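Enquirer: Please read through the structure below; I'll follow up with questions.
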Amino acid sequence: MYLVASGSMPQTKVHQLLGPSFSPSRVLSTSGNAHYKAWKFTGLLPWAALVFTAGYIMREIGAYHYGNVDIFISSICLVYAAPPFCELANYIILGRILYYVPYHSPIHPGRVLTTFGAISGIVEALNGNGASYSSNADLPESKQQMGRNLLKAALVIQLGIITSFVMLAVYFHRRCYKANLLPDNLKAILYTLYASSALIMVRTIYRTVEYFSVAAIQFRPGLDPMSISPIIRYEWFFWVFEALIMITNSVLLNFRHPARFLPSSNKVFLAEDGVTEVMGPGYADKRNFLFTIFDPFDLIGLIRGRDKKTRYWEGQEESNP
């Protein structure tokens with residue numbers, strides 16, 4: 001069961017290290033949020049580390065109890081559920097970057113979270129249900145197949161989301177570069193965001209290839225195990241492209257904590273001189289909530305000229321203490 005659904009028989013000595021590896025990250029994330037008072041900003045980081053820790057602990061327990069379906073399903077669901085929380089944290093980080101330089105933002109900063117977060121919520125639901133159905137051998141084959149299809153859809157959508165997210169960040173970066181407005185703190189947080197997104201992308205590509213390889217297996221009497229893809233047969237793929245990648249991402253966001261580079265309030269923005277930080281009224285969007293979902297770029301407002309009325313950064317002179 002483990003060989004097919006999670007890649008290979010788990011190696012107990014390795015998994016004894018994986019769960020504890022995320023514990024220091026959880027502690028550092030919690031202390032970092034407390035130090036920078038950034039719970040609303042990066043509060044998902046310790047939560048993601050907690051879910052990872054629980055997932056690898058369950059996987060370690062499952063290594064000693066191969067026949068326990070409940071433990072197996074729990075480990076699969078937790079390990080699959082944690083990375084989307086890391087993605088969600090990145091959406092919040094990009095939103096805060098756009099709040100910091102609102103005049104070069106291609107989208108209302110708050111819409112980054114609602115738009116990408118709403119899609120990620122769908123992915124999380126697909127991940128959870130797909131992992132649960134596909135890993136439960138007691139369910140009818142039709143239910144298991146439905147679970148496999150849900151996981152395929154979730155992984156493909158996840159790749160599309162990450163690509164779109166990075167393109168949005170790069171577009172914003174390019175606008176700042178053209179305006180010669182890239183102070184050190186802004187460059188640092190953008191490069192950190194790119195690195196985190198790249199790590200999550202590598203992990204998602206691995207999971208996509210792995211799962212499509214699993215789905216391609218034709219189970220029949222006399223199946224030669226050596227005919228199965230190496231990405232499934234050898235667990236080192238999992239250690240490197242899942243565990244190590246996500247531990248690296250966690251370490252990255254702890255040692256380059258986003259709150260080091262951005263103000264704690266999203267009302268503080270960078271003046272167009274690229275040096276002065278100004279306390280503004282905040283970037284409000286008074287449109288109906290449904291309009292913000294279906295028109296996150298406020299194209300209607302752009303056509304009507306409504307965006308000119310919300311440029312609060314023009315004429316602001318009160319610097320942030």
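Placement of Cβ uses the backbone N, Cα and C atoms for every residue, glycine included.
Quick paste of what TrEMBL says about this protein:
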type: TRANSMEM; residues: 38-57; note: transmembrane segment
type: TRANSMEM; residues: 69-93; note: transmembrane segment
type: TRANSMEM; residues: 150-172; note: transmembrane segment
type: TRANSMEM; residues: 188-206; note: transmembrane segment
type: TRANSMEM; residues: 236-255; note: transmembrane segment
Enquirer: Six or more residues out from either end of the transmembrane segment (150-172), which same-chain residues have a Cβ under 8 Å from its Cβ atoms?
Expert: 80, 84, 87, 90-91, 94, 97-98, 101, 104-107, 112, 116, 119-120, 122-123, 126-127, 129-131, 133-134, 190, 193-194, 197, 200-201, 204-205, 207-208, 211-212, 215
Enquirer: Using a Cβ-Cβ cut-off of under 8 Å, list the residues of the same chain that are 6+ residues beyond the ends of the transmembrane segment (69-93) and lie near it.
Expert: 1-2, 5-6, 41-42, 44-45, 47-48, 51-52, 54-56, 58-59, 61-62, 112-113, 116-117, 120, 123-124, 127-128, 131-132, 135-138, 151, 158, 161-162, 165, 189, 193, 196-197, 200, 203-204, 207, 242, 246, 249-250, 253, 258
